[in-house]
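Q: Input: one structure, supplied below.
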Amino acid sequence: MNKELADLLFPNIKITVDEIEAKYPLRDLKEGAYVTRFGPSPTGFMHVGNLYGAFISSMLAKQTDGIFYLRIEDTDSKREKEGAIDAIINGLKAFDIDYDEGYGKDGQYGPYLQSERVEIYQAYAKKLVSEGKAYPCFMSEEEIADIRSGQELRKEKIGIYGSYAVDRDLALEEVKEHLANGDSYVIRLKSPGDSHNEIILHDLIKGDIVLPENDIDEVILKKDGIPTYHFAHVIDDHLMHTTHVLRGDEWVPSFPKHLQLNQVLGFKPCKYAHIAPLTKKEDGKIRKFSKRKDPEFAVSYYEEAGIPKEGVRLYLATLANTNFEEWYLQNKDKSIEDFKFSFKKMPTGGTLFDMEKLNNICRTYFSRISAETIYNDALNYYKKYDEEFYNLMIKDKDKLISFLNIERDSKRPRKDIATYKDIKTESAYIFNDLFYKDRNETYKDIDEKIDYDVINKYIEIYRDFNSEDDWYNQIKVLAEEMGYAPSVKMYKEDPALYKGHIGDVCEMIRHLLTGRVKTPNLYQLLKIIGIDEFKKRVEFYKN
């Protein structure tokens with residue numbers, strides 16, 4: 001009867017499971033190589049949680065000389081969003097997460113779009129029906145809703161199982177009658193489980209987790225013949241020879257049904273690692289990331305905000321392994337690819353996503369790379385987001401690179417740049433076009449009195465020194481001649497003797513030159529901007 005039932009339900013499925021399996025041979029990889037995947041659904045925008053999982057999966061595959069592939073799980077056509085697949089691919093590309101095979105690329109284990117694999121899923125469903133392990137269920141949505149209401153009222157487990165699985169043992173003639181009447185149906189797994197039994201999830205991150213065995217007759221094919229996520233991904237992971245699945249820990253309760261599907265299909269299950277959700281601290285409380293509340297949840301936010309992709313990658317690595325940050329700080333000349341990620345070092349609880357921490361990591365990243373690299377990357381950013389500054393960058397390229405080089409090779413390199421946006425903010429005063437736009441805006445932070453006798457004397461005796469020490473010694477002499485202490489210490493010993501100290505003289509020069517109270521090294525700024533421009537700015541401030 002079972003074979004006849006299978007042929008009745010799947011008259012167009014001629015390919016056998018054995019023929020399918022022959023098309024997906026074992027991968028030719030070294031022992032210990034991981035085969036991981038990123039399997040998003042095209043139902044919305046690419047978010048940082050997706051990126052986090054994809055990043056870890058890709059790094060684990062790469063460090064074991066394995067394979068990381070992209071599979072688009074588009075079995076829910078009602079929720080699919082136009083352009084979502086492109087957003088997924090572009091999101092991965094934007095952060096240098098390169099997949100070895102998958103959607104949009106060649107690969108022996110495709111197709112990598114689940115909607116193009118329907119015949120495969122139906123062939124496996126047909127096999128299960130022929131073995132008496134699955135059956136057609138003709139229950140209407142109203143009947144299922146009534147069952148659910150009763151279960152909720154009696155505080156029972158929700159689902160179709162036991163006595164609620166009324167179509168489990170329909171006779172062949174009853175099935176034929178339903179089909180003749182045009183009744184719609186789904187295919188359900190005939191669960192062999194007992195919820196009183198326990199199974200163990202050997203989670204690679206969380207350790208062993210005890211769960212009840214699945215006894216619910218899960219839907220494996222929907223009314224339109226499209227598989228459910230649970231059924232499709234188990235088959236795909238088997239055929240594509242996935243070894244390790246990283247996914248959010250919201251999937252832990254689904255493990256019993258996934259394990260059972262593997263067992264009834266005769267598959268060897270993958271190893272599972274359930275990663276903790278990304279969380280955010282707000283008003284002293286920890287909550288999950290929100291698509292509605294948190295703009296930084298969307299992957300597109302980071303490019304628009306000017307956050308460097310490598311900074312994001314470094315932060316994801318910091319979140320992924322608790323020992324990464326220390327390693328990164330100690331290995332200035334190494335890249336993420338040199339670090340060995342470990343499941344044992346992955347957090348088991350909620351992972352706090354801290355934007356200030358991300359910014360600090362980006363500051364460290366910017367402090368380690370060359371000014372030329374920063375310039376070129378920033379040029380790409382401003383070409384897209386700020387045409388005016390892009391043109392200024394091209395016009396004054398050498399000046400900007402010199403600015404970016406200030407203190408770059410010192411023992412304590414400056415860390416005032418966390419984003420590409422900061423480059424404009426921090427360097428605006430070296431560009432005459434921006435400096436002279438609005439006097440009140442340029443000097444908005446300057447409220448102290450300027451001693452023009454000191455400034456005029458500085459301009460009078462200025463010469464282009466070859467060293468910062470010579471320049472500073474000149475300032476000391478000038479300060480003393482004009483009634484300022486040549487050191488802060490001397491001023492503090494007897495402040496009544498002086499108008500101020502050498503630091504005050506330097507600050508007056510800094511304020512007039514830049515309109516800022518804090519800047520990188522003043523001597524180097526003077527060399528970049530020049531004494532002639534300084535004279536003009538003094539007059540600009542006066543007027």
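Just so it is clear, glycine is given a Cβ too, placed from its N, Cα and C backbone atoms.
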Q: Of the residue ranges 98-102, 283-287, 288-292, 308-312, which one carries the motif ''KMSKS' region' annotation in TrEMBL?
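A: That would be 288-292, per the motif ''KMSKS' region' entry in TrEMBL.
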Q: Between the candidate ranges 40-50, 139-149, 447-457, 513-523, where does TrEMBL place the motif ''HIGH' region' annotation?
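A: Comparing 40-50, 139-149, 447-457, 513-523 with TrEMBL, motif ''HIGH' region' matches 40-50.
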Q: What residues elsewhere in the chain lie close to the motif ''KMSKS' region' (288-292), defined as a C-beta under 8 angstroms and at least 6 residues from its ends?
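A: For the motif ''KMSKS' region' (288-292), the nonlocal Cβ contacts are 44-45, 47-49, 277-280, 298, 350, 353.
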Q: For LYS291 (ATP binding site), list the number of other Cβ atoms lying within 10 Å of its Cβ atom.
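A: Here the count is 12.
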Q: So what pLDDT does the domain 'Glutamyl/glutaminyl-tRNA synthetase class Ib catalytic' (35-359) average out to?
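A: It averages 95.
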Q: With DSSP helix as H/G/I and strand as E/B, how many residues of the motif ''HIGH' region' (40-50) fall in helix, strand and coil?
A: 3 helix, 1 strand, 7 coil
